[in-house]
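Structure record follows, encoded as structure tokens.
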Amino acid sequence: MTGILAVQGAFAEHAAVLDKLGAPWKLLRAAEDFDESIDRVILPGGESTTQGKLLHSTGLFEPIAAHIKAGKPVFGTCAGMILLAKKLDNDDNVYFGALDAVVRRNAYGRQLGSFQATADFGAADDPQRITDFPLVFIRGPYVVSVGPEATVETEVDGHVVGLRQGNILATAFHPELTDDTRIHELFLSL
């Protein structure tokens, strides 16, 4: 079952995509919600600083950190990518520190800087490659540098906006805000 962090942000939109795919899910609002039924986690878009504080005050930080450390699947979108990053280049906070990348918060600026694009997700020789995926950015981050453990999955205008590292999937964009379910399907296959 997929646990969706539901302390702030676009958790309802991720739940709607999983419903569309017939995949079971559970909202994670407090530590007691994270039980043995959770085998994968979604960290949704939203405001990363707020989510970081709420992860600690709800007691969810430790069980999610243990889940990630155990190599179980996790998918971070926008703020979720920030929460997963080993380092932020414009913020001293580090949250889970699991994704071998340096990420820039709010790299695409203010709300008015939000935009849409289309790109492929995955390497050209990857059998799971997703072509022509619609990307929705809302004040999104992007990746400033990628370490050797992570693999670039997609770029827009020369900026890395999608990464994979083992069972970690991270996007600067919001696939849950489109009608295309393929990236969620990829996550469910991990």
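Cβ coordinates come from backbone N, Cα and C, glycine included.
The L-glutamine binding site annotation in Swiss-Prot covers Gly46, Glu47, Ser48, Arg105, Ile138, Arg139. What Swiss-Prot lists as active site, nucleophile is Cys78, and the listing cites sequence analysis. Per Swiss-Prot, active site, charge relay system is recorded for His174, Glu176, and the stated evidence type is sequence analysis.
Of the recorded positions Glu47, Glu176, Glu176 has the largest number of other Cβ atoms within 10 Å of its own Cβ.
The Cβ centroid of Gly46, Glu47, Ser48, Arg105, Ile138, Arg139 marks the L-glutamine site; residues of that chain outside this set whose Cβ lies within 8 Å of it are Gly9, Gly45, Cys78, Ala79, Ile82, Asn106, Gly140, Pro141, given in sequence order. Close to Glu47 (L-glutamine binding site), meaning Cα to Cα within 10 A, are the following active-site residues out of Cys78, His174, Glu176: Cys78. Ranking the recorded positions Arg105, His174 by the number of CB atoms within 10 A of their own CB puts His174 at the top. The two recorded residues, His174 (active site, charge relay system) and Cys78 (active site, nucleophile), show a Cα separation of 7 Å. DSSP assigns Cys78 (active site, nucleophile) to coil in the three-state reduction, outside any helix or strand. Taking the Cα atom of each, the residue listed as 'active site, nucleophile' and Ile138 (L-glutamine binding site) are about 8 angstrom apart. All protein chains shown were included, and the count of other CB atoms within 10 Å of the CB of Cys78 (active site, nucleophile) stands at 30. For Ser48 (L-glutamine binding site), the number of other Cβ atoms no farther than 10 Å from its own Cβ, over all displayed protein chains, is 27.
Reduced to three states, the DSSP call for Ser48 (L-glutamine binding site) is helix. Taking a C-beta cut-off of under 8 Å and a sequence gap of six or more, Gly46 (L-glutamine binding site) has these contacts in its own chain: Gln8, Gly9, Ala10, Cys78, Ala79. Arg139 (L-glutamine binding site) sits 15 Å from Glu176 (active site, charge relay system), taking the CA atoms of both as reference points. Cβ-based neighbour count (10 Å, all protein chains) for Arg139 (L-glutamine binding site) stands at 18.
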